[in-house]
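Colleague: My questions all concern the structure below.
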Amino acid sequence: MEKKKVVLAYSGGLDTSVAIKWLQEKNYDIIALCLDLGEGKDLAFVKEKALSVGAIKSYMIDVQEEYANEYALIAMQAHTLYEGKYPLVSALSRPLIAKKLVEIAEQEGASAVAHGCTGKGNDQVRFEVSIQALNPYLEVIAPVREWKWSREEEIAYAKENDIPIPINLDSPFSIDQNLWGRSNECGILEDPWAAPPEEAYEMTLALEDTPNKPEFVEIGFEAGVPTTLNGTAYSLSELIKTLNALAGKHGVGRIDHVENRLVGIKSREVYECPAAMTLITAHKELEDLTLVKEVAHFKPMIEQKLTELIYNGLWFSPLKQALNAFLQETQKNVTGTVRVKLFKGHAIVEGRKSEYSLYDEKLATYTAQDEFNHDAAVGFISLFGLPTKVYSQVNQKKVEA
């Protein structure tokens, strides 16, 4: 029987390494795909490991700039904080991984794609809904969900088949990291009463260890896109990396969150998102300066829906595309510079300026330079309050009757 081809989203960890052998036993030729999303791993090693375990071909693709400009940027502009806390670190990367899986599958003539998600997480939904949206004819295989092995059984299978066991297997934590941040779950973190141990963190310093003097950074934006730090131009991916280091040094971006998962359970996770939280804070302040009131008040409703769609794996849905079109329209004048103070876990905006600023000091001031027409207030109040006045008059007459 001729073997079918499957493209596997490969991380180099135990699950996806075991999945290569498991898929071989199902009569598949495996093409491994590993993406560089800015997590800082030795991906050349991961690429070679896939081949050594049994893949017939192994891809390693650097998608950092694509991820920054087409995914993280939208999240920043939409101030996406799921349940007011989580900046969608993992949720943002899944549609891009799905997109690349489909592209390689079509390029290689594969009939299926595979991922390493379990049956109780959000990522299985995000991957499979995205893949269906991009190519509904591809079969999707989820080995970890199908084999239902315990961790001990999986390790035994790996040893039987000479699959290398990762040296960090004894770590109690399950970690996912990319440019936009780092998520951490499992181990002691599963107890919502337990304080996260310091070893759960990597991108940020504990407040006790942060500098005792604040650091100031000026972030330049052009049409809603961060382009400079302290006057130096960066590509977006490099800007995010640089700001991760700057803000992380001051303990910015630690998040401890009990969240409501898409699959119906609550999960306690610890996130580190120094650049994401700093950029979202700065961008919001620049919008406050440049957006008209009606747009500024309506946009949070769009942001909330976009956040839900992205978290739930609906990146490629028609509604997400429509809402994104609105989002991009709002960014045309979001150009300027924001000064942020980084200190003891906080990113505090202390100044903002823009050539498109709608703040007019001559109208806002209470000094002798005031140019606001105070006489216009009387007529405005009369008209603005007229419906309330009429309502009160009508109901007062009924009471008197």
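Cβ coordinates are placed from backbone N, Cα and C, and glycine is handled just like the others.
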Colleague: Of the residues GLY116, GLY119, GLY121, only one is listed by Swiss-Prot in the ATP site with ALA9, TYR10, SER11, GLY12, GLY13, LEU14, ASP15, THR16, SER17. Which is it?
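Modeller: Only hit among GLY116, GLY119, GLY121 in Swiss-Prot's ATP site, alongside ALA9, TYR10, SER11, GLY12, GLY13, LEU14, ASP15, THR16, SER17: GLY116.
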Colleague: Of TYR86, TYR157, TYR201, TYR234, which one shares the L-citrulline site with ASN122, ARG126, SER174, SER183, GLU259, TYR271 in Swiss-Prot?
Modeller: TYR86
Colleague: Give the three-state DSSP assignment (helix, strand or coil) for SER174 (L-citrulline binding site).
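Modeller: DSSP call for SER174 (L-citrulline binding site): strand.
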Colleague: Cβ-Cβ under 8 Å from TYR86 (L-citrulline binding site), same chain, 6 or more residues apart: which ones?
Modeller: ILE255, HIS257, GLU259, GLU269, TYR271, TYR311
Colleague: Determine, to the nearest whole angstrom, how far the Cα atom of SER174 (L-citrulline binding site) is from the Cα atom of GLY13 (ATP binding site).
Modeller: 11
Colleague: Starting from each candidate's C-beta and looking 10 angstroms out, tell me which of the binding-site residues SER17, SER183 has the most other C-beta atoms.
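Modeller: Output for this query is SER17.
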Colleague: Give the sequence-ordered list of residues that share a chain with ASP15 (ATP binding site), lie 6 or more positions from it, and have CB atoms under 8 Å from its CB.
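Modeller: Those within reach of ASP15 (ATP binding site), by Cβ under 8 Å and sequence separation of 6 or more, are GLY116, PRO143, VAL144, GLU154.
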